[in-house]
Structure formats: C-alpha cells, structure tokens
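Asks: Got a structure for you, written out below as structure tokens; questions coming shortly.
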C-alpha cells in the first residue's frame, strides 16, 4: 500500500465525525501513516481538533451541516466517532460514493438501542436479557412489573451511560424516568431490560476487514451510572465463556459488516454469555490497550479501515482508571502527583477546553504482572490526580 504525504492532492484523508479523547487517539495513529485528518465536533478545541490538520465546529445533528463538510473535504473515509450524528447525512454520503466506517447502516443500528437489540436478538438470535420498549411513564410501569425488579432503564439513544439507571422497586421508577429524560440524545423512547445478576461484564474488542477478524484479550470493566471508571486486561474467564464471547462478537460484527474495530459489550454469568451492546468504533474501556498491546485499539481501527493486516501482540496485563472533573472551569488544570509518572504508569490528559463536574478529563494507565495488581495500582494512582 502507498502512503502519500498529507495536505497534497493525492493524500489519504480521514474525516472524524466526533473529536473526543477516542477520536484524538485515532487521529494520532492515522497521522503516523501520513494520513490527512479532518476533525469535526459540536464545540471548538475538542481533543481531536488539537491534533488534526483541520477542524470544523458544526451542529452534528444537522444533515445540511454534516453534508457540507463532507462535500467540501471529499474524504476517502468517514469515521463516525460518536452516536449523536445525523444518520440521513451518512446514508446520503454513502449513496454518493463516500466510504462510511464501518457503513451507514451499521452506524444506524448501533446508535439506537432499539435497532441493535432487535437486530441482535430477533434477527441474529443472540442471547440477551429480556426487554421492552416504552414511550410513556405508564408504559414504563407496566414493563417493569412484567420484567420484575430490579430492572435497567435507558434511553434508546444516548452515549457514555447518560440517562441510564437501575430501578430496584416501584418507587424508583419516577426517578429513573426523570434521569432518562434528562439524558443527552433522544429520550423519547426507553428500553427497559431485565436485570441479569451477572458475575462480570466485558468488552471484547473485535477488529475486522477483508483480511479477517481478530479479537483482543477480553477487557473487564467497572461502571458507575452507566459510564466506565475502571478497566483491566485481560479479564480472567473460562475457556468456554471466552469461546462463546468470541462467537457472539463474530456474529454481531459479521452481521453489521464493514471495516473497523467494534467494542462488543457482554454480560457473563458462569459459562453463559449475554449480548449487551456494540459500538462500531474504539471503546472507552479499551484505552488500556494503549499500553498492553503492540497495536492499540486505535491503531487496529486505522489498520482495519485501510484494509491492512490486523495482527498484534499482547504484551502484558494492564489497567485504566478514568479521571472525572470535580470542578467547573473554563480554564481547567489537571494536577498529578509525581508518583503517577513511574516506569509502569502513564497519565493521558485529554485537553478538553472546559471542565464540568463528572466530565472525563484524563485517564491513568498502569502495567503489572497481573491485571488485578494493575487495577489496584490504577485505583491508587487515580486518587493522586485532581483538577481545578
């Protein structure tokens, strides 16, 4: 494959729709191959804006504005990095010959929990929790009574856990309803899920293109309010469960098709594995791969997009701990104790231009002989990070 210089008439060009911390790492990996990177987001100086050749600030939900950037830039590949994008623009771009990663229909299915759950459970026959879709509080009450308590309630469209809650009894439903309605994204319809008393949950990063499909070692993670706070790799699991996880991941990613990396989220109980969700892009829990693998999830994504081989080496166990802001600031500062910077730990500051309470601003990455030791170390070091 040839790699022309960027900013030339024959450059290979990526258009990132969404420019957060994951998009930033994709941009960096793309630039390592001389790819011209254009980053788009709804606010200025987003993380990927800071490392791109050019950037745009637009309303990502506006079909006209998204298409205007696509037609102006004429990218070789369009990489949606967030859910909140006008899907009609992606379908039209694809119809006009632009290559959407992995493809517009996969983005459409995965940005909406109703679409992907119906596709996974009803079309592909994958094992999932029981579920109902509701659009009124009365419908929520009826669904919760049918499925039983506790139950999980989420908007059909939201990202990073926004709007997600667990109702443990009838009295919790009103609060769950309000949480869902306040979420970013479309909260006009909710999914109510049976609560699976799982042993643990994993992300199985799955990269695919015409050269084949590869699986990264499973990543364990801990969520709070539906958003990841810790992850570690590898997650210890039985060979039977791991094989089932790979079969589910292969089925769902083959069903969606296209090139790229997918974050397949799964619940595991004993040797039983349940499909939860899938993201057709790098996954936040996968930031740990920046130090555990010869090719991070971001490098694998870029290679998959370009049709390159997907081989990699798993180096060593590791863990990640997300740092969320505790203060509101238009001039945020991340502070870290010197002990965070030892030979087997790393701090990645995302460079977001503003901090809001609970906004993810940085991540600590740690290596150790075991994933458990790495997780313990990450937990200790994240306590030595602060913001102002």
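Using N, Cα and C of the backbone, Cβ positions are placed for all residues, glycine too.
Copying in the features that Swiss-Prot gives for the protein in this structure:
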BINDING   21, 22, 81, 284, 352, 359, 360  N(1)-(5-phospho-beta-D-ribosyl)glycinamide binding site
BINDING   113, 154, 159, 160, 161, 162, 163, 164, 193, 194, 195, 196, 201  ATP binding site
BINDING   265, 277  Mg(2+) binding site
DOMAIN    118-306  domain 'ATP-grasp'
Asks: Taking every protein chain shown into account, which of the binding-site residues 81, 193, 201 has the largest tally of Cβ atoms within 10 Å of its Cβ?
Replies: 81
Asks: Mean pLDDT over the domain 'ATP-grasp' (118-306): what is the value?
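Replies: On average, pLDDT over the domain 'ATP-grasp' (118-306) sits at 95.
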Asks: What whole-number Å value do you get for the CA-CA distance of residue 352 (N(1)-(5-phospho-beta-D-ribosyl)glycinamide binding site) and residue 195 (ATP binding site)?
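Replies: Computed Cα spacing between residue 352 (N(1)-(5-phospho-beta-D-ribosyl)glycinamide binding site) and residue 195 (ATP binding site) is 35 Å.
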Asks: Report, in whole Å, the straight Cα-to-Cα distance of residue 113 (ATP binding site) from residue 21 (N(1)-(5-phospho-beta-D-ribosyl)glycinamide binding site).
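Replies: Cα-Cα distance, residue 21 (N(1)-(5-phospho-beta-D-ribosyl)glycinamide binding site) to residue 113 (ATP binding site): 23 Å.
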Asks: List the Cα distance (Å, whole number) between residue 277 (Mg(2+) binding site) and residue 195 (ATP binding site).
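Replies: Their Cα atoms are separated by 15 Å.
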Asks: Over all shown protein chains, what is the count of other CB atoms within 10 A of the CB belonging to residue 21 (N(1)-(5-phospho-beta-D-ribosyl)glycinamide binding site)?
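Replies: Looking across every protein chain shown, the total is 23.
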Asks: Report the member of 352, 360 (the binding-site residues) whose C-beta atom has the most other C-beta atoms within 10 angstroms.
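Replies: Counting Cβ neighbours within 10 Å, the top one is 352.
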